[in-house]
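*Asks:* Pasting a structure below so you can have a look.
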Amino acid sequence: MGGFLSHLTPEQNVEALKASCGPVRGNIYKHDDVIVDGYLGIPYAKPPVGELRFKKPVTVDVWTEIKDCYKYGPACVQTGGFEQIAGPRTPTPEEAGCLTLNVFTPRNASSEFKNGRPVMVYIHGGGYELCASSDFCAYSLSGTLPLKDVVVVSINYRLGVFGFLTTGDNVCPGNFGLWDQTLALKWVQKHISSFGGDPNCVTVFGQSAGGASTDLLSLSPHSRDLFQRFIPISGTAHCDFAIRASENQAKIFREFAEFHGFSGRDSSALFKWYQEQSPETLSNVKGYKKSISGFLTFIPNLDGDFFPKPLDELRKEAPKKQMMTGVTEYEGLMLASMNPAFSPADVGLTLMPQGIYGKDVVSNPDEIQKIFYEKYVEGVDKSDELAMRKKLCEALGDEFFNVGVIQAAKNAAKHGNEVYFYTFEYVNPDSFGMWDGMMPFKAAVHCTELRYLLGEGVYSKFEPTEEDRKVMETTTTLFSNFAKYGNPNGKGATAEIWEKYSLNRPERHYRISYPKCEMRDVYHEGRIQFLEKIDGDSDKYQELVYGKKKSAKI
């Protein structure tokens, strides 16, 4: 909706940087006595069209002519039902030139990092179907993390059908969006030194589907050696929306093709049909309803290639990394407010488990759905709509985000990774813009932290108060400290305020807020244990994470 520095216009640099990818010219972003150079729309892969459509990305050739990198590249083709949140896409989405990335690098030499600054690579969210790196005002982004002595890279990757088509077999294993992200990380390894970054000190961070992508990248043998630290924000590989079994995802794509008129039988015919369709057809989901359970439609799958083993085995064998992960206080608040199907709240609390716990997930869906509903309405006056809406918000946040994030923290710690766990609980009550009147109460919601991390308001233009600026300073310091030192407390911290995550106290976490940040012992009022029990016994979760099935019986 608008960054806090979106009213400023950068100066275009006439001098070219002789980068190893090819010469580039970028923008000059001025912040008092600090200059940040920004290079927008740098191609990292050949256009994924023609014979390269629905294929793994191919590295772009080094160029010799100066490339003007003054503007973001086009967004990848958008799909899905979140347009009311994401708003109109700028620039216009397209297939041809969408695989680009952006680099923001402080101009002056670092006094601390002689071999190049630490690098932070951001992966945007949007349900694997929407959004782009261009959603973040470049001037605003340049005024956040890059002022903390790090180089920031943001990327585009293929979305929806174009990013995640699979036939469930060798004809089209899929996961092209994840292969795109991996190729972008390889670009960083090869070329970031030209931009003042250290390829041996890379942190990947992402939010929502970008957070799930970040965690998935830390597991795959194709990507996990390309970075040292990672920050999955409000999304991990363990979240409900992160990944599906290949046969279930293939069923969705067959159903979607049949919805648009496909009548073939085998995978080759299905793949050929997809190759022949226009972007307009493949991005049109209006009227389509999937038969497979889950919040999102076109998502990664456990393909046997990018993910050759179940997630727990991959986590166990992956090189040990430092992980920082967390959620906002009320992840589900905006989801509940924006979806008219969830009103009144009692209807929402009935429909929600029906969409999540189907026969493809648990063997006793009716029983699980009933238990889920009764757990969240326990002790609540059903005639009190405000109290019921709060429970709906809790249920949405717990199911889609809160349980998956703490499960990832536990799983990572179990396998020897150093973890820092947090909740983000600060909110400016005037930050919701047009959605203000739809909110039953105000709290930090899904995407709230992006205002303070990247300078961009998702629900309204970010016009920071003095208090907002203090929260931004705290947030960017914590995240950049982790990227630089592997410790959000900073270099050589002796009296650590933010403790490392411990399996002995699994709910203990760091609360980021204002005026005080502090460690807390209870995570979301202890509600998560109930959902962990369901997930621990569900066929879907057990198959994806552990490679085995176990029917849920509570």
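Here the Cβ of each residue, glycine as well, is placed from N, Cα and C on the backbone.
Among the features that Swiss-Prot reports, N-myristoyl glycine is placed at Gly2, with the record citing sequence analysis. Marked as disulfide bond by Swiss-Prot on the basis of similarity to another entry: Cys76-Cys98. The active site, acyl-ester intermediate annotation in Swiss-Prot covers Ser208. Taken from Swiss-Prot, the feature active site, charge relay system applies to Glu331, His446, supported by similarity to another entry.
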*Asks:* Among the recorded positions listed here (Gly2, Cys76, Cys98, Glu331, His446), which has the Cα closest to the Cα of Ser208 (active site, acyl-ester intermediate)?
*Replies:* His446
*Asks:* Could you check which of these recorded positions, Gly2, Cys76, Cys98, sit within 10 Å of Glu331 (active site, charge relay system), going Cα to Cα?
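*Replies:* Near Glu331 (active site, charge relay system), where near means Cα within 10 Å, there are no recorded positions at all.
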*Asks:* Tally every other Cβ atom lying within 10 Å of the Cβ atom of Glu331 (active site, charge relay system).
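*Replies:* Result for Glu331 (active site, charge relay system): 30 other Cβ atoms within 10 Å.
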*Asks:* Using a 10 Å radius around each Cβ and counting other Cβ atoms from all shown chains, which of the recorded positions Gly2, His446 yields the largest count?
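*Replies:* The residue with the densest Cβ neighbourhood is His446.
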*Asks:* Distance between Gly2 (N-myristoyl glycine) and His446 (active site, charge relay system) at the Cα atoms, whole Å?
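*Replies:* Here the two Cα atoms lie 17 Å apart.
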*Asks:* Rank the recorded positions Cys76, Cys98, Ser208 by the number of other Cβ atoms within 10 Å of each Cβ and report the first-ranked residue.
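*Replies:* The most densely surrounded of these recorded positions is Cys76.
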*Asks:* What Cα-Cα separation, expressed in whole Å, is found between Cys76 (disulfide bond) and His446 (active site, charge relay system)?
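*Replies:* His446 (active site, charge relay system) has its Cα 23 Å from the Cα of Cys76 (disulfide bond).
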*Asks:* Provide, as an integer number of angstrom, the distance between the C-alpha atoms of Cys98 (disulfide bond) and His446 (active site, charge relay system).
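*Replies:* Their Cα atoms are separated by 26 Å.
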